[in-house]
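Okay, structure first, notes after.
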Amino acid sequence: MATTISAVILAGGQAKRMAGLDKGLQLLQGKPLYQHCLQRLTNQVSSISINANRHQAIYQQSGVEVFGDELEDFQGPLSGILTALERANTDFVLFVPCDSPFLPLNLCEKLQSAVENSKSLLAYANDGEREHPAFSLLSTQLKLPLRVYLQSGHRQMLQFFRQHKAISVDFSLQKQAFVNMNTLQDIEKYQNIYA
């Protein structure tokens, strides 16, 4: 039976490095950052939703399902990941951050191949120099261990990933795909660069 995969754009953070502005809604080349992600995911998975804790009505204008973290107080990306895994009706969920408008068009394909070949429950991207755990594919079987991990007060993604024998997948030929917009200056820098 074929593995089923849905995708979630993680837009639930506080954006402290962007003066609290909602990162996913900042414009790059006339389009909100999250819409760049949505466009690049469309041909990779059958269904996409957005994890957002603010401005949900604006995100809903895109026509996709929007949901907030079940856990309160902005507990980091793992909180959004947990909520997504608990809501999912697919075998795996692909996660991407909302501030990465150039994400790889073959992200799902490569991560899926890695989990299938290794029989792992989890894979994430690296660019040959840095690990990028926010670009990850997780089995919904991890929802209970993740809930326990968060209830224990832990928040580090890579620590959880390593505990569950995550596969780090090499995207070193696509380094630029992992550029993210952490500040308004980052967005300004890339206004005239096209993916």
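Cβ coordinates are placed from backbone N, Cα and C, and glycine is handled just like the others.
Of the residues ASN43, ASN51, ASN126, Swiss-Prot puts just one in the GTP site with LEU10, ALA11, GLY12, LYS23, ASP69, ASP99: ASN51. Looking only at other Cβ atoms within 10 Å, the busiest spot among the binding-site residues ASP69, ASP99 turns out to be ASP99. In the three-state DSSP assignment, the secondary structure recorded for ASP99 (GTP binding site) is coil. DSSP gives ALA11 (GTP binding site) a strand state.
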